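TrEMBL has this to say about the protein:
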- A:88-122: repeat 'PPR' (REPEAT)
- A:191-221: repeat 'PPR' (REPEAT)
- A:222-256: repeat 'PPR' (REPEAT)
- A:284-318: repeat 'PPR' (REPEAT)
- A:354-384: repeat 'PPR' (REPEAT)
- A:385-419: repeat 'PPR' (REPEAT)
Amino acid sequence: MLTSSAEAGMSVPVRTPRWVSPRRMFEQKLSDLHRCTNLSHIKQVHAQILKASLHGDAHVAAKLVAAFSLCRHMALAVSVFDQIPEPTAHLYNILIRAYAQNSEASRAFATFLQMQRNGVFADNFTYPCLLRACCGQTSLSLVQMIHAHIEKFGFWADIFVPNSLIDTYCKCGSLGVRAARKLFDSMAVRDTVSWNTIITGLVKAGQLLEARQLFDEMPERDTISWNILLDGYAKAGEMNAAFELFGEMPRRNVVSWSTMISGYSEAGEMDMARVLFDKMPAKNLVPWTIIISGYAKKGMAKEASQLYDQMEKSGLVPDEGTVISILAASAESGLLRLGMKVHAWVERTKFKCSTLVTNALIDMYAKCGRLDDALSIFNLMTKKDIVSWNIMIQGLAMHGNGEKALHLFSRMEEEGFEPDGVTFIGVLCACTHAGLVDEGLDYFNYMERDFRIVPQVEHYGCVIDLLGRRGRLKEAFALVQRMPIEPNAIIWGTLLGACRIHNNTDVASEVVSHLIKLDTSDSGNFSLMSNIHATTGDWDGVANIRREMKNTRLQKPSGESSVELGNEVHKFTVFDTSHPESDGIYQMITTLGLELE
DNA sequence: CTAGGGTTAG
């Protein structure tokens with residue numbers, strides 16, 4: 001796994017010498033150690049280092065710390081670090097970066113402080129390492145503190161320092177992006193990366209116009225610059241602008257093509273996505289993944305499945321990203337067959353041990369209604385994480401097994417897993433399905449009191465649904481009014497749905513007045529209201545709503561159900577008579593209904 | 001330090 005630098009660098013092939021001095025061989029091993037991901041090999045080299053009494057050497061220690069960190073073995077990394085009585089700035093930097101990479105931000109900062117206490121001066125490498133640790137959280141004040149530090153000691157000469165500062169600022173919300181722009185404007189020297197980094201920040205913050213302005217001002221654009229803006233337009237659904245930019249690009253690479261295909265797929269324009277896919281010169285796994293997932297999300301099982309086979313035939317081997325993406329897409333539209341095909345392949349590879357892949361499999365089976373399969377994979381899984389539990393709880397809850405879901409929740413606690421905000425969405429959903437209103441309210445209170453999870457708007461939505469479905473509309477309405485977060489259209493819509501079930505026009509009209517204030521474009525709410533008026537015989541009300549829908553040019557798309565038969569997904573709506581054998585189908589439904597009675 | 005696909009969420 002470790003290749004010598006001689007092999008890699010020489011243009012003339014060298015015959016392997018008959019004898020290499022052990023010292024020379026050892027040096028070669030050390031020089032590549034920080035890139036090694038094989039833990040047992042590192043341990044072996046570590047033993048050799050101890051034998052050669054090199055464990056006090058700061059340079060050797062730095063290599064080892066980096067290697068152990070790459071294998072996520074921080075305890076070993078720290079034990080090596082602690083062997084060095086007076087660590088150099090370089091060694092401190094390596095340890096800070098190691099903590100940052102293993103998402104232990106507070107330890108990274110503790111190491112930085114320790115470095116200062118020991119009188120070791122930070123250098124230009126220290127700050128990019130430290131800034132990497134900030135990425136997990138979006139603490140603007142922390143980044144400002146580091147900024148002040150850099151200002152004080154002046155490390156601007158190394159362009160890496162301001163560039164990482166811009167990048168980290170951009171990850172701290174909209175205020176951070178403003179700070180990043182200010183810093184960028186004040187820079188005397190900028191390179192392409194500086195420009196690309198600030199433009200990325202603006203694009204991610206949705207400031208497309210400002211991003212475009214800077215892009216136009218850029219002295220030299222590389223392919224990355226073009227791709228950043230292209231992605232901005234694609235993610236915003238502005239495919240016409242993206243297409244125009246794509247046409248103007250002096251050079252395009254796999255990323256440019258993939259970005260376009262992804263944009264068209266997201267926009268539901270699979271034909272356009274396919275045209276570009278067929279046209280693109282050299283494809284790697286990413287465009288294949290995008291196009292297959294795109295078809296799968298749209299329920300186009302035949303196309304997705306055919307392309308999946310073609311991808312394998314072309315000699316490409318799916319990676320973790322491909323597998324997860326296709327499974328998620330299959331879950332979304334219930335493509336059990338495609339999901340099972342991917343599963344069969346996973347079983348033959350190392351991915352069957354991957355937590356991420358297994359989670360995606362469980363979710364796929366659960367969403368396709370195969371709860372038994374989901375459960376058996378879940379129960380056999382050795383490396384469960386919080387997401388595994390959340391998926392399984394949610395899966396059971398959504399399919400009407402509220403009690404089972406709650407039982408799983410208590411098992412989760414017994415096995416020592418700390419629930420998070422998503423867990424409680426599943427739990428509250430389970431209570432709704434099991435009709436356990438008061439238990440649901442208990443869980444809702446308990447999540448903040450015992451787990452310090454502050455309820456988000458989604459949690460309020462669940463509780464309002466819980467109360468509303470049971471007809472406790474007054475309580476639900478009161479909760480909306482006293483919730484600390486601004487109720488959004490989903491909250492009001494949930495409440496309106498409950499009014500519809502219980503034909504409560506009084507609360508409903510109150511809700512509608514709030515909905516209109518929010519100026520939502522969700523046509524579903526209007527048709528809900530019109531249904532309420534219709535059932536209470538208020539035909540004037542119905543007419544008013546219909547008129548309002550017409551005025552705002554809202555059309556309610558009817559809800560579709562789908563069923564997978566053979567290799568096709570069949571979609572149908574309520575009172576659908578489009579099928580050639582529609583009469584026979586309805587006859588059968590009636591017969592089945594009678595049988596059930 | 002910068003670009004494309006990636007598990008849970010009414």
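Each residue, glycine too, has its Cβ placed from N, Cα and C.
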Composition by DSSP (helix, strand, coil) of residues within the repeat 'PPR' (A:385-419):
26 helix, 0 strand, 9 coil
Same chain, outside the repeat 'PPR' (A:385-419) by at least 6, Cβ under 8 Å from its Cβ: which residues?
355, 358-359, 362-363, 366-367, 369, 371, 374-375, 378, 425-427, 429-436, 439, 447, 451, 453
Report the DSSP secondary-structure composition of the repeat 'PPR' (A:284-318) as helix, strand and coil residue counts.
26 helix, 0 strand, 9 coil
